[in-house]
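Asker: Here you go, one structure.
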Amino acid sequence: MQELLHEPVKGKSELGELLGLMHYMEGLRLISAVELVAPTSDENVTVTDTELSGVPVRLFLPQRPPGGLRRAVLFFHGGGWCLGDAGMHGYDLMSRRISNELNAVVVSVNYRLAPPHRFPAQFEDVYSVTKFFLQDKVLSQYGVDPARVCVAGDSAGGNLAAAVAQQLSEDPEVKTKLKAQVLIYPALQALDLDLPSYRDNAHKPLLPRALMVRFWSEYLSAEPALRAAMAAGRHVPPEAAPLLPLLDWSRWLPAAMRGAHAYEGPALGGAGLARRFPALLDPRACPLLAPEARLRRLPPAFVLTCEHDVLRDDGAMYAARLRAAGVPVTHHHAEDAFHGAMTFLAWPLELAVGHRLFDTCMGWLKENL
């Protein structure tokens, strides 16, 4: 996620919302706009802003001769479904490097954001672009090998990548199968916001629990009541009871991540929650809720999690469930990293851990895509 914002910035956005001047996310969006860079080609990659299937994308085309058909990566940026842009410096740099180092076509999607757009708008945009790109005529137009296409994303984008991979596996209109999925500290469920990682990292910088609750609530509903219910753990519909074993962290988390925490499971809320907030139970919004039969059809996965991250356990549980379903999984857990670390690739936000995580991800793609 690219919400690398200091507390004073968040404070100004909160003040603006209290005064009725702007929505909180609109305030954060104004700040993140400073990060935008124009689509600028270089000696290695041609970069253009265009549209695919009516959705804005930033397209990265390698300039060196392909020596055959190319790989392709459909990339979905993070930002809590509310922030972010393919044109932000961090995402532009990541896509540019993926294109150059893999000699791959990279399609970075500028899906609609909340507010005003709520689920399923974000999912529909990335799915529409992916399905369009996977057509034989489009793959041929860009010189892409249909057997070497993957979806990838970080944080909210990792959520979207997982959901797209699931939906594609069941779409009879799509003949081309994904080769891989890359899920970088993904957000994968909104029912249990009291996982060990949420407890351990509730007040950590970049993505504290309160901000993640805000992102989820903005994505799933326009009703302010959902945020309060999620913050208090009163948002779980009674209809979710049969799904809770799918995110039972006492089963799916490794012992080191469970730590000394005791499993109780989320408490069920009042009647009517499923009707008011149906997205809470929808695997397109919460891919960890998909049944094992659906997971079995998925392509090999690279899942990155970071120790100091509220979303750590989402990714770790998904990796475990994919593995149990027979899907080849590489789960890379970074003990020294935090949410958003991979975007710290260039001055003034450059860290060795960012380069290490990016290089690890690239190494996996070179071997598996």
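Residue positions begin at 1 at the first shown residue.
Including glycine, each Cβ sits where the backbone N, Cα and C put it.
TrEMBL does not curate its annotations; it predicts them automatically.
Residues or ranges marked as domain 'Alpha/beta hydrolase fold-3' in TrEMBL: 73-225, 281-342. For Ser155, Asp309, His339, the entry in TrEMBL reads active site.
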Asker: Quick one: pull the CA-CA distance for His339 (active site) versus Asp309 (active site), whole Å only.
Answerer: 5
Asker: Sort out the sequence-distant neighbours of Asp309 (active site) for me: same chain, 6+ apart, CB within less than 8 Å of its CB, listed by position.
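Answerer: When sequence neighbours closer than 6 are ignored, Asp309 (active site) has Tyr185, Ser197, Asn201, Lys204, Leu207, Ala337, Phe338, His339 within Cβ distance under 8 Å.
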Asker: Including all protein chains shown, what's the count of other C-beta atoms within 10 A of the C-beta of His339 (active site)?
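Answerer: Around His339 (active site), other Cβ atoms within 10 Å: 31.
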Asker: So if I draw a 10 Å sphere around the Cβ of Ser155 (active site), how many other Cβ atoms end up inside it?
Answerer: 31
Asker: What are the DSSP helix, strand and coil residue counts for the domain 'Alpha/beta hydrolase fold-3' (281-342)?
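Answerer: Tallying H, G and I as helix, E and B as strand, the rest coil: 23 helix, 18 strand, 21 coil.
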Asker: Summarise the model's confidence over the domain 'Alpha/beta hydrolase fold-3' (281-342) as a mean pLDDT value.
Answerer: 98
